[in-house]
């Protein structure tokens, strides 16, 4: 016989689905949502704690590094580069305030008051006997992006082509100057002791800041004096040189007059002859830039001869500093050589001139134009009223960043200010 269901049971079974759907299910659903939210919040909190610990460890490391550096009296950051083989160490920070109303005055102040910095950065143990570099400054001249004072193991230079090419490259590749969107050529203007140098970084196709090569438009260059006779000790004897300006004054001499072929094997002889020639020409010949009073010495000797590379017009080695030999074709030397050839009618405006270094690396150069400066004359000027002939020279080469360096000067280090074994 079938059992009858009491009204209460009947109501319970009929009402249960509604009760579950409207009362129990929301509770279960809410519990699941709360659990999900809790898990998400837990993960966020856990991630924040992990990030906080990571930051704390990084801060402790940074603080420890600062404590370690604090015991050093001086520290400098540098970009180490080379241009066609020649070193270019660019000091980007660490200098105290250097007074001066222009780069020439800053150069003079460094030379007279803080030359130990140059020695410490250029010479051993941080550098070497053929090191080259520059101090980077905020520009003073209007329109410039960077200020530069150039240095080597022997002192300071008013201008340097290979280091200017390096600076233009570094300025773009490290973000010192901004690169416009879709740019292919980026202008970088340098404020130097010799004047404004206008550079251009040529970007690799499809890249935003990778420089394929760089060009500089140098300060006005000119032939200063022609066929100057200089008598050197044996075995060299009497030689004839041209004196030209390309940012620095150069004594330009054919290698055949010295009886030395331009090769790495003959480097020590080339250095000896170059140093002898520079010393004698500064002793016996007075030079003076007609517009820049602080430029009044021959700083470099440019020895040139037949090229090895069929693409080149000539091959050279430039001796400067403390008997240093330029590994690149020398940018200011290329400018001086082109100014000399142009004055002699042996190079035309716009004609490509290729100079080869002792390593075999190349600079491409062009004379972009000429100008006469009325009332200004140098020894080769025939007509004072017509004025001195100057040319605008462009040099193109390739520079590479090799590393970023922090140099520390330990006050207890007996060699902190550098040394050289070269006598």
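Along the chain as shown, the residues are counted starting at 1.
Even glycines carry a Cβ here, placed using N, Cα and C.
Here the Cβ of residue 160 (active site, proton acceptor) has 32 other Cβ atoms within 10 Å, regardless of which shown protein chain they belong to. Here Swiss-Prot flags 160 as active site, proton acceptor, drawing on a curator's inference.
Within 10 Å of the Cβ of residue 330 (active site, proton donor) there are 29 other Cβ atoms, across all protein chains. Residues annotated as active site, proton donor in Swiss-Prot: 330.
With a 10 A radius on its CB, residue 326 (substrate binding site) counts 30 other CB atoms from all the protein chains. Positions annotated as substrate binding site by Swiss-Prot: 161, 162, 326, 331, 332.
Within 10 Å of the Cβ of residue 213 (N-linked glycosylation site) there are 19 other Cβ atoms, across all protein chains. Annotation note: residue 213 (N-linked glycosylation site) sits in a strand segment as assigned by DSSP. Taken from Swiss-Prot, the feature N-linked glycosylation site applies to 213 (among others).
The N-linked glycosylation site feature in Swiss-Prot is assigned to 266 (among others). Taking Cβ-Cβ distances under 8 Å and a sequence separation of 6 or more, the neighbours of residue 266 (N-linked glycosylation site) in its chain are 260.
Annotation for residue 282 (N-linked glycosylation site): spatial neighbours 297, 298, criterion Cβ-Cβ under 8 Å with sequence separation of six or more. If you look up Swiss-Prot, you'll see 282 (among others) marked as N-linked glycosylation site.
Here Swiss-Prot flags 1-31 as signal peptide, drawing on sequence analysis.
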Checklist entry - Near residue 160 (active site, proton acceptor), meaning Cα within 10 Å, which of 213, 326, 330 (recorded positions)? => result 330
Checklist entry - Cβ-Cβ under 8 Å from residue 331 (substrate binding site), same chain, 6 or more residues apart: which ones? => result 160, 161, 162, 164, 165, 216, 218, 246, 247, 363, 395, 397
Checklist outcome for this item: Spacing of the two Cα atoms, residue 332 (substrate binding site) and residue 213 (N-linked glycosylation site), in whole angstrom, works out to 17
Checklist outcome for this item: In whole Å, the longest Cα-Cα distance within the recorded substrate binders 161, 162, 326, 331, 332 is 11
Checklist entry - Just the number: how many Å between the Cα atoms of residue 326 (substrate binding site) and residue 213 (N-linked glycosylation site)? => result 19
